[in-house]
Amino acid sequence: FLGAGKPPMYGDYEAQRHWQEVTYNLPIRQWYFNTSDNNLLYWGLDYPPLTAYHSFVCAYIAKLINPDWIALHTSRGYESQPHKLFMRTTVFVADLLVYIPAVILYCFSLKETSTKKKASICALCILLYPGLILIDHGHFQYPLSLGFALWGVLYLSYDWDLLGSVAFCLALNYKQMELYHSLPFFCYLLGKCFKKGLRGKGLALLTKIAGTVVVSFAVCWLPFCTDMEQIMQVLRRLLFEACMFSSPHPADKVANIWCSLSVLIKIKNIVSPQTQLKLSFAVTFLSLLPTCIKLTVQPSLRGFKFALVSCALSFFLFSFQVHEKSILLVSVPVCLIINEIPFMATWFLLVSTFSMLPLLLKDGLLLAYAVTTLAFLSACVASFSILEKTSAEDLQLKPFSLSLKGYVSWFKSFPKIVRSLFLLSVTLMGVLSVTSAAVHPPQRLPDLFPVSVSLISCLHFLLFLVYFNVVILWDSKNSRSQKKIS
């Protein structure tokens, strides 16, 4: 894992272990405060309360096995093989209890997967997504926030709106980056209330949802509600994580628009950070607006799932600061629509994994990257026959093609063009992956390969953003109510 055996910070693995040390040995009121026993500059807690509670539960079990693993101060940098096994087991258990059941139940609930075999195949492809597997392994990230968000989508698909609200509140209280998905949840539920009428059932539903959200947050934050100073300190730590930890290292190249543009135009030399912050906010807001308006005015489950993808991708591309790993917040919603548009979903998930290549190479995960990517691609090709599903109808672009009127004839060659672009894209990613791993860059251009990965990935993501917005805005199905899944 990244940072193993390298003091003074030791890497993400140590962050998770240290949080267990802090939460077990210190009273709750000190978890987020800088004290002699809790140096916040050394992996200080900067995630919401549910992450802290989870760390405490893991620490309690660790204490029963070997107290040295979480001994205050003396356990820093602890990396024994039994402890690594324990930590990996905690990730697997979290997967097994939250993320994997959500994926399986979601796939079995889809009306498109009418048989158990189809549902199993869909679940297998989602669980084989290499990006999540590799980041869980290399950066020791628990998938609980994404798992809770999936439970939220699953509940909403059954019209269990209150349970869906609770599940998403849990996701947000585990990791604040779930804000990427907050607008689609908000707009979809608000649209349902509008549709029922805000003078009758709609108002009752809105009141219930608001009450559910307030109660869910109150329960999660209850131990920190002893005084206002506690609450403000936790919020400051969460903002610290958003502003500092999510910011890429200066040498890192992230596949969003600002990092890509900086290769050609040194934006920071033209405008101040404050101006760039305002600009990024404006661009992000404008890119989100059409999708959110459409979802609020015409709420549908299908539109909601596509909006999760589009909004998360807008945040990733246009936010002022972002981490390479944030692309997972886009990729998991894409997994939810892999049964509807298998070709484009598979393509996006391949690109999302490729966009993290420099990070994966730092982790020494080249072989794992190659094996998992090939396994995922093979499973999707065999399960969905993706290369045969490239027509305008298969890609959900038929309403858009019909709106072009005189240009419809151009769509006759569309499947062939799309397949060619896909094969070119996969070939380019394969060649650049091998080159990045095997060839030393020129001395004058030490960042040549990471920059190339960033630019190519960003170009792909911009095209995907346009594609998903076209599907959402031209989708005539969104103007009708979706039938509840039985």
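Placed from the backbone N, Cα and C atoms, the Cβ positions cover glycine too.
So that you can see what the record holds, here are the features copied from TrEMBL:
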- 85-108: transmembrane segment (TRANSMEM)
- 120-142: transmembrane segment (TRANSMEM)
- 148-172: transmembrane segment (TRANSMEM)
- 202-224: transmembrane segment (TRANSMEM)
- 303-320: transmembrane segment (TRANSMEM)
- 327-354: transmembrane segment (TRANSMEM)
- 366-387: transmembrane segment (TRANSMEM)
- 421-439: transmembrane segment (TRANSMEM)
- 451-474: transmembrane segment (TRANSMEM)
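In this chain, the transmembrane segment (148-172) lies close to the transmembrane segment (85-108): three or more C-beta pairs between them fall below 8 angstroms, excluding pairs fewer than 6 positions apart. Residues 103, 106-107, 110, 112-113, 122, 125-126, 129-132, 134-135, 146, 149-150, 153, 177-178, 180-181, 255, 302, 305-306, 308-309, 312-313, 315-316, 369, 372-373, 376-377, 380-381, 383-384, 386-387, 389-390, 394-396, 418, 422, 425-426, 429, 432-433, 453, 456-457, 460-461, 464, 467, 471 of the same chain, all 6+ positions outside the transmembrane segment (327-354), place their C-beta atoms under 8 angstroms from a C-beta of that stretch.
Within the same chain, residues 13, 16-17, 54, 58, 61-62, 65, 69, 116, 119-120, 122-123, 126-127, 136, 140, 142-144, 146-148, 150-151, 153-154, 157, 335-336, 339 sit at least 6 positions outside the transmembrane segment (85-108) and bring their C-beta atoms closer than 8 Å to a C-beta of that stretch. Remote same-chain partners of the transmembrane segment (120-142), defined as residues 6 or more beyond its termini with a Cβ less than 8 Å from a stretch Cβ, comprise 1-2, 12-13, 15-16, 54, 87, 90-91, 94-95, 100, 103-104, 107-108, 110, 113, 325, 327-328, 331-332, 335, 338-339, 349, 352-353, 356, 359-360, 363, 365, 368-369, 372-373, 375-376, 379-380, 383-384.
Beyond its flanks by at least six residues, the transmembrane segment (202-224) meets 28, 32, 48-50, 161-162, 165-166, 169-170, 173, 189-190, 192-196, 230-231, 234 of its own chain at Cβ-Cβ distances under 8 Å.
Same-chain residues lying 6 or more positions outside the transmembrane segment (451-474) and placing a CB less than 8 Å from one of its CB atoms are 253-257, 259-260, 263, 287, 290-291, 294-295, 303, 306-307, 309-310, 313-314, 316-317, 341, 344, 348, 351-352, 354-355, 357-358, 395-397, 399-400, 403, 425, 428-429, 432, 436.
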